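Below is one structure, written out as structure tokens, with a few remarks after it.
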Amino acid sequence: MHVDTLWSNVHLITLDGEGLGVIRDGVLACADGRIVHVGPAGSDANLRPTTRIDGEGRWMSPGLIDCHTHLVYAGNRANEFEQRLQGISYAEIARAGGGIVSTVRATRAATPEQLASESRPRLLAMRAEGVTTLEIKSGYGLTLPDERKQLQVARALGEGCRVNVVTTFLGAHAIPPGREAQEYTDEVCNVMIPAIAAEGLAEAVDVFCENIAFSPAQARQVFEAARAHGLAIKIHAEQLSNQHGAELAASFGALSADHIEHLDDAGIAAMAAAGTVAVLLPGAFYFTRDTTLPPIAALRAAGVPLALATDSNPGTSPLTSPLLAMNMGATLFRLTVDECIAGFTREAARALGRGDRIGRLAIGMDCDLAIWDIDAPADLVYRIGFNPLHARVVRGQPDLPASWSNT
């Protein structure tokens with residue numbers, strides 16, 4: 001069988017099945033951007049590759065997937081970081097006109113070119129750590145033209161940087177200054193969601209359901225509008241208090257419920273029944289100096305899938321390192337190495353509704369890969385402040401190091 005590229009002499013972290021699915025001394029082949037063979041050394045005898053690459057004993061995993069980011073924005077909120085160091089809470093900052101709305105002002109004022117220029121370095125930092133797929137939310141415009149601008153810039157950045165960008169509409173992120181909450185919710189549902197769906201600018205709709213943002217009733221209204229327009233559902237839930245948002249989202253078959261530090265047993269049961277992924281965001285937990293841990297043990301016991309993400313945003317998680325987020329997941333949330341790696345691959349893909357396309361090394365999946373100079377998979381989680389990425393591959397096309405050649 002002819003194949004485009006065959007990698008040999010690599011240790012595979014397949015994530016196919018339980019655990020990491022490691023195949024030592026493996027081979028992987030792709031054709032037309034998809035994986036067509038995965039197996040141990042010697043299983044490739046009938047393959048005729050155009051390009052053969054010796055992995056030289058490195059490790060290969062699916063390309064990393066960051067399933068929760070707010071990467072496209074303008075401005076800087078270092079001043080709020082200083083305020084929090086002085087003991088002022090995130091909620092107090094938000095109520096005083098800071099927080100999300102301060103980024104809204106800067107993002108509205110930025111041209112698309114300025115927005116792309118400020119956001120590109122953040123995307124490149126993630127790409128440099130093996131990210132091949134990245135979710136980017138809107139939510140810093142809070143008007144239809146400005147939300148549209150964010151989503152368009154996100155899509156363009158992905159195309160220009162060879163990263164698969166999945167866009168999520170988060171118009172229900174904050175109440176704009178001078179607006180009444182219900183009036184604005186009606187606009188999100190009756191004006192913004194129909195337009196965003198018609199223009200094909202987003203795959204999902206998200207809501208920040210919290211006592212400083214949108215009520216459960218308003219979140220329900222947004223979910224109903226999303227469902228009516230064929231968009232998937234996600235939620236920022238139970239970050240600061242238990243609003244029962246995760247349970248609500250699960251009743252709509254949500255892809256994921258994110259943050260969930262204050263999640264209760266009813267929410268866990270609802271997520272388990274619906275197959276809703278728990279997206280854990282240790283960067284925000286760390287940066288806001290939170291002390292309430294997500295109910296990890298109960299989520300495990302219920303069989304809720306656990307994904308990890310950076311939550312990259314200017315206010316509560318200015319983090320662009322998936323590798324550091326993995327370490328935080330282990331040290332702060334007591335996740336295992338397997339859970340951390342799966343959380344940025346297989347389970348992150350599920351949180352984006354793409355579990356049948358990315359996140360595993362298996363026949364038929366997109367050939368999105370990360371190749372690492374490590375001794376064992378645990379090195380991806382254990383070490384801090386280093387980047388062992390050797391190469392990325394997106395749909396079968398490598399970012400070729402100089403040492404690779406066609407042989």
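Any Cβ shown, glycine's included, is placed from N, Cα and C.
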**Report entry** Listed in Swiss-Prot for the Fe(3+) site shared with His68, His70, Asp311, one of His236, His244, His390
**Finding:** His236
Report summary line: In Swiss-Prot, 4-imidazolone-5-propanoate binding by Tyr140, His173, Gln239, Thr316 extends, among Arg77, Arg95, Arg383, to Arg77
Report summary line: Excluding its own, the Cβ atoms lying within 10 Å of the Cβ of Tyr140 (4-imidazolone-5-propanoate binding site) add up to 30
Report summary line: For Asp311 (Fe(3+) binding site), the number of neighbouring Cβ atoms whose distance to its own Cβ is within 10 Å equals 28
Report summary line: Close in space but at least six residues away in sequence, with Cβ under 8 Å from that of Asn313 (N-formimidoyl-L-glutamate binding site), the same-chain residues are Thr69, His70, Tyr73, Ala284
Query raised in the report: What binding-site residues among His68, Asp311, Gly315 are found with a C-alpha within 10 angstroms of that of His173 (4-imidazolone-5-propanoate binding site)?
Result: none
Query raised in the report: If you measure Arg77 (4-imidazolone-5-propanoate binding site) to His236 (Fe(3+) binding site) at Cα, how many Å is it?
Result: 21
Report summary line: Quick note, Asp311 (Fe(3+) binding site) and Gln239 (4-imidazolone-5-propanoate binding site): C-alpha atoms separated, nearest Å, by 12
Query - Thr316 (4-imidazolone-5-propanoate binding site) and His236 (Fe(3+) binding site), Cα-Cα, nearest whole angstrom - result: 13
